[in-house]
Amino acid sequence: MATDEATKPSPIPPYPEMILAAIEGLDDKSGSNKSAISKYIEGKYGSLPPAHASLLTAHLARMKESGELVFLKNNYFRAGAPDAPPKRGRGRPPKARDPNAPAPAPKSPSSTGRGRGRPPKAKSPLEAAVKQATAGMPKPRGRPPKKAKTDGAASPSPSPAPAPAGDGSTPGKRGRGRPPKVRPAVPSETAAA
């Protein structure tokens, strides 16, 4: 039995160790892609499990998430490697500034530039004076009263009652609601008899 254990090939190291050894062994400045890492591991360790491709993919993803590897442009780098490019942030990078260009002058708050938003409408001086005069007075509660009609001569008698809406002869003020249905004047049989 001791001979069986001695003749067995040594077990393969864990995948993270093999991946890091492959990246170091390939020593590519632009990083190592997944297929290059896989070929290196197959060439060095020979007999691998049948699920090697899926295991390699899973371990690469796990190492990338944990920060052991940096993934950039479909290539993997060691996180602590000095030649690994810095990880790019999200979004569009800022424009490169010319070092010889002079620094922009700080904006003064009293500059004549336009402010944000729509400019206010021009107010007439009368409206401005009324608004300023009534600014101190509190607004009364409730609905404001109706304004009285201002005719040329004020009549002491109350206004006459509006004519019935049914006749249509005078164009007076109409009453509220739906007007009554107009029936044609038909002589009734009882009135004729």
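Cβ coordinates come from backbone N, Cα and C, glycine included.
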Inset, instruction - Name the residue range among 30-36, 86-92, 107-113 that Swiss-Prot annotates as motif 'Nuclear localization signal 1 (NLS)'. - result: 86-92
Legend entry - Integer mean pLDDT for the DNA-binding region (138-149): 85
